[in-house]
Amino acid sequence: MFSHLPSLQLLLLNSNSFTIIRDDAFAGLFHLEYLFIEGNKIETISRNAFRGLRDLTHLSLANNHIKALPRDVFSDLDSLIELDLRGNKFECDCKAKWLYLWLKMTNSTVSDVLCSGPPEYQEKKLNDVTSFDYECTTTDFVVHQTLPYQSVSVDTFNSKNDVYVAIAQPSMENCMVLEWDHIEMNFRSYDNITGQSIVGCKAILIDDQVFVVVAQLFGGSHIYKYDESWTKFVKFQDIEVSRISKPNDIELFQIDDETFFVIADSSKAGLSTVYKWNSKGFYSYQSLHEWFRDTDAEFVDIDGKSHLILSSRSQVPIILQWNKSSKKFVPHGDIPNMEDVLAVKSFRMHNTLYLSLTRFIGDSRVMRWNSKQFVEIQALPSRGAMTLQPFSFKDNHYLALGSDYTFSQIYQWDKEKQLFKKFKEIYVQAPRSFTAVSTDRRDFFFASSFKGKTKIFEHIIVDLSL
């Protein structure tokens, strides 16, 4: 348009009816110093509208209908001394974040940029907006890797600066151990522990030794130990078959520097049993109670005291407390009105203790400890839920509620409302566990699937100002 006027230094385009300035609108005007486009109806300016105007010293876009400017629209204006943006209708939302940062850094003199929205910033200066830091990012979960096999439980452990994942695969009769590959940036197969109908693989680290408890429905359960010379896991010991007949959950915990694990047994004839490490191996330490078909065990520190919460298909969850003199767990109470709880998980947010209680049908629950008892704060409708798993990445707190019949639901904690709100739906066939894994400053969670492929989702930060 102006290419035949390469020596032009001043251009006035005031009081016209322009609504848009397109890319390279001033191509060829290499010596332009003053550009005034005032009193038009400009709403849209393209990202490269001012490309090539390296000698421009004064630019006025005053008294137009501009609500937003594209990121870095002024990046070519190396000589800019004065910029006039008065009389526009700037929306001071996330799309204005780049301009807010640019105003703080530029050496040019810029008129005040007044906000016409959102309502809370009306007539305020863009410079005074304080919410960009925390309001202009959100998070998301995207599929990072799909593993071509079914699984029911996932556990993670760190050893010698590497991150590993142990996955129970009943149909393949494996406990698959994966390792994070720092170069390929994915999880790759590392070792394979074979067995019969494996329902749980739980890693235990003691000093420099790595053990994996492998819970099986048939053929007894076993403990494997990582052997450096063989660079694989080898069988270390058996767990007495007479005690554990239908394992459903393995929970690891420490009390007074001693290492324990408990296996929740879900058969009528079974005994949920605590095992203890005695420097040579693990031995059965305490049988908790009979005939209750326990589905899950959760170790919880309540006000500095050690507790186990056992959920079962035949009664409400019971709370056992560690007795320091007898060094055993003793009955301490229950969680009333909560029949048919499949699993209990504990988690902390802002130094407050919470429980998530999974129900297959009906309402799963979130409860908070109020220094005397657990009180319900939220009910989450469940449709075929086998797991309600809390997990956190930095200051983002989530609950993943599985479903055998529809999409699984991820909830995110809303600080203001003090409740979990729906955040994202994900599709996993018959999910049995959700497990958070962090490595190389990246955050993932594994969604095990009893009927389909196991999925690894990555937790990402999304910049809304882009």
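Note: Cβ is positioned from N, Cα and C throughout, glycine not excepted.
Lifted from TrEMBL, the feature list:
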- 88-137: domain 'LRRCT' (DOMAIN)
- 140-182: repeat 'EAR' (REPEAT)
- 186-228: repeat 'EAR' (REPEAT)
- 232-279: repeat 'EAR' (REPEAT)
- 281-324: repeat 'EAR' (REPEAT)
- 328-371: repeat 'EAR' (REPEAT)
- 373-415: repeat 'EAR' (REPEAT)
- 419-461: repeat 'EAR' (REPEAT)
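Among the recorded stretches 232-279, 281-324, 328-371, 373-415, 419-461, the one sharing the largest number of Cβ pairs closer than 8 Å with the repeat 'EAR' (140-182) is 419-461. Mean pLDDT, taken over the repeat 'EAR' (186-228), works out to 93 on the 0 to 100 scale. In terms of DSSP helix, strand and coil, the domain 'LRRCT' (88-137) has 22 helix, 10 strand, 18 coil. Assigned with DSSP, the residues of the repeat 'EAR' (232-279) fall into helix, strand and coil as follows: 0 helix, 32 strand, 16 coil. Broken down by DSSP into helix, strand and coil, the repeat 'EAR' (186-228) contains 0 helix, 33 strand, 10 coil.
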